[in-house]
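Q: Sharing a structure with you now.
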Amino acid sequence: MINLRKTHPLMKIINHSFIDLPAPSNISAWWNFGSLLGICLMIQILTGLFLAMHYTSDTLTAFSSVAHICRDVNYGWLIRNLHANGASMFFMCLFLHVGRGIYYGSYLYKETWNIGVIPLFTVMATAFAGYVPPWGQMSFWGATVITNLLSAIPYIGTTLAEWIWGGFSVDKATLTRFFAFHFILPFVIAALAIVHLLFLHETGSNNPSGLTLTADKIPFHPYYTIKDALGLTFLLLILLSLALFSPDSLGDPDNFSPANPLNTPPHIKPEWYFLFAYAILRSIPNKLGGVLALLASILTLLIIPYLHTANQRSMMFRPVSQTLFWILAANLMTLTWIGGQPVEQPFIIIGQLASILYFMPILMLMPLAGLFENYMLEPKW
């Protein structure tokens, strides 16, 4: 009798995606993050669903409903801590996943790469929308500052900002719609992730060498299911350690105070995973210029495939490109640090230099390094 997983219409899809999928024999732990992101998404949807059962999206009761979840709901404190810190784990995996793609040249699967940038944007939108529902001071002022950026758009900006707010400022209508967006967008992300996988399985996975290894493929199960399970163990270890021992370490203390439109916090900043983009936004003295730089910081990912000049796909054997990549990684950490600092010297100039150093390797230095490495590999005799 033929195995059911190979004949059943639904089982067949799962089989071709996770069991009999031909995978390169040499993919490293850097290829774990796709499955970890899937797990993170499931954790966020499940914990979010239970939080939504007890949350009320009204300006008068939102803050106290979150306190009620933590105090009175069975394991509500744990569900909330897992949800809040799960977002941090989600972004950590996302950044490492994108970094892996850049380092090993995975972006040359253009459709897979581009359909991956779209969920990245959607995750960022979801996380921003999710920062508003607790209705603390930083929730309110973060929403005010970021949505205010829309007013920088010429001609339609102010109208657009007021349309998003549902009034003349961030208020009850804004909170309700942001909660609605935050609830629905994870399901959109799940659909986009399936499309991302669909395109990936058209070509098969890349591997550290960047070479096509058609003759040397192994089945995904049991080799990579076990490997992914190990990655999941580490993910859960870090997430549970954060949620149980230090749940508020990545949050902002201002968010323990209820939202007050009459009292501005001394330093408005988003969650840590947006700080790099926030630093780029603040480094431009012009409002519209800052918004464009903010968008460009993510949109540059879309043009990376067209800036690839090297004859080799992966950076594994390209030391000059490797150096530039790690400069970029260190620079992202610098931007994250700057985004959390007040707007004063020397942080302003450091932020401006770091912003220039963010775009330079991607747009100029890496393509030039690729050409230089091609030249160095050419036989000179």
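Every residue, even glycine, has its Cβ placed from backbone N, Cα and C.
Pasting the relevant annotations from Swiss-Prot:
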- His83, His182: heme b b562 binding site (BINDING)
- His97, His196: heme b b566 binding site (BINDING)
- His201: ubiquinone binding site (BINDING)
- 33-53: transmembrane segment (TRANSMEM)
- 77-98: transmembrane segment (TRANSMEM)
- 113-133: transmembrane segment (TRANSMEM)
- 178-198: transmembrane segment (TRANSMEM)
- 226-246: transmembrane segment (TRANSMEM)
- 288-308: transmembrane segment (TRANSMEM)
- 320-340: transmembrane segment (TRANSMEM)
- 347-367: transmembrane segment (TRANSMEM)
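Show me how these features fit into the structure around them.
A: For His182 (heme b b562 binding site), the count of additional Cβ atoms within 10 Å of its Cβ stands at 21 [all protein chains shown].
The number of other Cβ atoms within 10 Å of the Cβ belonging to His97 (heme b b566 binding site), over all protein chains shown, comes to 19.
DSSP assigns His201 (ubiquinone binding site) to a helix.
Below 8 angstroms of C-beta separation, residues 30, 33-34, 36-37, 40-41, 43-44, 47-48, 50-51, 66, 69-71, 116, 120, 123, 127, 130, 235, 238-239, 242-244, 247, 250-251, 271-273, 301, 332 of the same chain, each at least six residues beyond the ends of the transmembrane segment (77-98), sit close to that stretch.
Residues 55, 57, 62, 66, 87, 90-91, 94, 98, 101, 106-107, 139-140, 142-143, 146, 174-175, 178-179, 181-182, 185-186, 188-189, 192-193, 195-196, 199, 270-271, 273-274, 298, 301-302, 304-305 of the same chain lie 6+ residues outside the transmembrane segment (113-133) yet bring a C-beta within less than 8 angstroms of a C-beta in it.
Same-chain residues lying 6 or more positions outside the transmembrane segment (288-308) and placing a CB less than 8 Å from one of its CB atoms are 98, 102, 105, 107-108, 110, 113-114, 117, 120-121, 124, 149, 152-154, 276-278, 280-282, 355, 358-359, 362-363, 366-367, 370.
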Q: Compare 33-53, 178-198, 320-340, 347-367 by their Cβ pairs under 8 Å to the transmembrane segment (226-246) and return the stretch that comes out on top.
A: 33-53
Q: How many whole Å apart are the CA atoms of His182 (heme b b562 binding site) and His201 (ubiquinone binding site)?
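A: A Cα-Cα distance of 29 Å.
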Q: What three-state secondary structure does DSSP assign to His97 (heme b b566 binding site)?
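A: Note: His97 (heme b b566 binding site) is helical by DSSP.
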Q: For His196 (heme b b566 binding site), which DSSP three-state class applies?
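A: Note: His196 (heme b b566 binding site) is helical by DSSP.
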